[in-house]
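For reference, TrEMBL has these:
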ACT_SITE  204  active site, proton donor
BINDING   4, 179, 180, 181, 203, 204  purine D-ribonucleoside binding site
BINDING   20, 24, 43, 87, 88, 89, 90  phosphate binding site
DOMAIN    16-213  domain 'Nucleoside phosphorylase'
SITE      217  site 'Important for catalytic activity'
Ligand code: ADE
């Protein structure tokens, strides 16, 4: 047990999928896993371990933002031995050709700072995903004809951005999309020598203002779960 996870040692699989929303974790476990059991309810951050295609997998919420992701990913890697963590979530499109419903696979994540910034001091560390996971996720996305973009994203500390100049520089420098968790996840994976990837669907668009109708969110979320599971066990 850790301060934020009540699971017993061994209750958590080596492969963990992490949506931001704990109720998405519940939905994904009920929809894709067999023999799923709830392994955490502390602070409502639901987590489930079950089987997918003969592979043991845990699906657990990360909460929103890098501090929350940092708490759960730290405890999962350090205390429960998670080897692979794949974030599955939504992002805001930042380029004209990145459309609502498209999938974004984040090679790297820029930020103005992460919970790890204090240890890096003057170093402007470049967080990167695991290349094998990225390759496998891209192959899985191509099999299902989902328009998929691979490149850099921006891990922001705010959903309600006030700094238009910051957004403009991200767009100008080819950043595909904005979300709020990946940079810290990648940094922790590097620190603990684990594998990490963020697989996201574009739920809204920073330039056009378009957003995904709520009745379509479940289907696009399901696509991401399938891509992440195929990538994890490729
Ligand atoms: N996740 C989904 N859309 C987002 C946005 N516009 N900003 C930050 N995180 C997001």
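Note: Cβ is positioned from N, Cα and C throughout, glycine not excepted.
Projection of TrEMBL feature records onto the structure.
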| residue | record | contacts (Cβ under 8 Å, 6+ apart) |
| --- | --- | --- |
| 4 | purine D-ribonucleoside binding site | 42, 43, 45, 71, 72, 75 |
| 20 | phosphate binding site | 61, 62, 63, 64, 89, 90, 180, 181 |
| 24 | phosphate binding site | 61, 88, 221 |
| 179 | purine D-ribonucleoside binding site | 89, 90, 91, 92, 106, 153, 154, 155, 156, 198, 200 |
| 203 | purine D-ribonucleoside binding site | 90, 91, 92, 100, 211, 212, 217, 220 |
Close in space but at least six residues away in sequence, with Cβ under 8 Å from that of residue 87 (phosphate binding site), the same-chain residues are 18, 19, 62, 69, 181, 182, 185, 196, 197, 198, 199, 200
Of 24, 87, 179, 181, 204, 217, the recorded positions with C-beta less than 6 Å from an atom of ligand 1, in sequence order, are 179, 204
Going by C-beta under 8 A and a gap of 6 or more residues, the same-chain neighbours of residue 204 (active site, proton donor) are 90, 92, 93, 100, 210, 211, 212
When pLDDT is averaged across the domain 'Nucleoside phosphorylase' (16-213), the result is 97
Between the two most distant Cα atoms of the phosphate-binding residues 20, 24, 43, 87, 88, 89, 90, the distance in Å is 22
The number of other Cβ atoms within 10 Å of the Cβ of residue 90 (phosphate binding site), counted over all protein chains shown, is 23
